[in-house]
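Everything on this sheet refers to the single structure shown next.
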Amino acid sequence: MTKAPLHKSLYVQVLAAIVIGVVLGHFYPPSGEAMKPLGDGFIKLIKMIIAPVIFCTVVLGIAGMEDMKKVGKTGGLALLYFEIVSTLALIVGLVLVNVLQPGAGMNIDPRTIDTKAITAYTGPGKMTGTVEFLLNIIPVSMVDAFAKGDILQVLLISVLFGFALHRFGGRGTMVFDFIEKVSQVLFAIVGTIMKAAPIGAFGAMAFTIGKYGIGSLLSLGKLMGTFYLTCLFFIFAVLGTITRLHGFSVWKFVKYIKEELLIVLGTSSSESVLPRMLSKMENLGAKKTVVGLVIPTGYSFNLDGTAIYLTMAAVFIAQATNTPMTLMQEVTLLAVLLLTSKGAAGITGSGFIVLAASLSAVGHLPVAGLALILGIDRFMSEARALTNTIGNGVASIVVAKWSKELDEQRLHAQLNGQTAEEASAPQALPDRMESRIHH
């Protein structure tokens, strides 16, 4: 099969766009800042399509299943995996920040820190308790969930709709076929939007460098380096071990989603590739039901990069302000973050809000220390988003294997590059709905 010219590869186009964005932002900062609408516009286009894509994917997956008990089993296995791996991420961040000590020697007095920037950044949002978080999953109305684009609310509606459609049996064939056609149209729209990915990546990167400057990285470079190193360690050591135990390579997996990772790098948003990740995980052999449940849910419960960031940032603040922490206090911090990290999605300024709430709950760490990392948070968000994206992708394959809903032959064929299906098109739907109806 003849390969497309290099310049037509989305991977090459996005990479070139990021480089051009960095150059423009560095040498012409005002022009770089002016490119912000390009990045914002691309992310809004993607967010526009996320809710209906999730709805169609989950409904078709559940309605087409013969054994409905598998849906509950898959959901339970997914939550178990999320809890184990996100806990590992918190522990990895805690251990490495203690070993590398990026904040040691800064000797900053918390009383001298200007906290106005923190108030401005975290003011619009607030942390919610566990009960309120769970109640917020139930939308005011079905229309409201889609209007707000709340992923968990849309997921709840999709699961209920899928179960109801399944119970209709043959009477639901017309609705099933209609949703299938809508799904195909939606993925065609996704393919069209993704052609603008280089423009979005260029705009977002030009703005970031133009506004904050490459020089702003140098002052807190040790923390940046430690965080990126920890994320790499987590991906290739922790997730690498998990993938090896489940029969595939994390290196090949990362290579398989390289285009999506470049888009995430350019936009600093893991949501920007959610529709493509749904499609690509299906193309790897994971069943639609598993992918439709695991990927969207992972955006709230499996934020590995965010978990690493939370422990590292908290201990960094303690080190920088010479605030001593005993082993018991670090264990307490870990326990608090196990709870608060689950509310890190869907909130404006979520990283700082969750971190501020956690520092307040622990009690002995200065919340004012958040101002130390505010300036470089935008650069750290890229590593968070990349780690979150890879983590959720791996989760969908692992949970699919646990649920016996994974075509392993297809998985290895795709990862070894033996097939060249377009990721922008959804995997052909199985004939389970048809066979179930005729039975």
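Each Cβ is built from the backbone N, Cα and C atoms, and glycine gets one as well.
Swiss-Prot assigns the feature transmembrane segment to one of the listed ranges (248-268, 332-352, 395-415), namely 332-352. When each of 10-30, 145-165, 223-243, 290-310, 353-373 is checked for Cβ pairs under 8 Å to the transmembrane segment (45-65), 145-165 comes out on top. Through the fold, the transmembrane segment (290-310) approaches residues 54, 57-58, 61-62, 71, 74-75, 78-79, 81-83, 85-86, 89-90, 92-93, 151-152, 154-155, 158-159, 227, 230-231, 234, 239, 270-271, 274, 277-278, 281-282, 337, 340-342, 344-346, 350-351, 354-355, 358, 380, 383-388, 391-393, 395-396, 399-400, 403, 405-406 of its own chain, all at least 6 residues removed from its boundaries and within a Cβ separation under 8 Å. Stretch with the largest number of CB pairs closer than 8 A to the transmembrane segment (10-30), among 77-97, 145-165, 185-205, 223-243, 353-373: 185-205.
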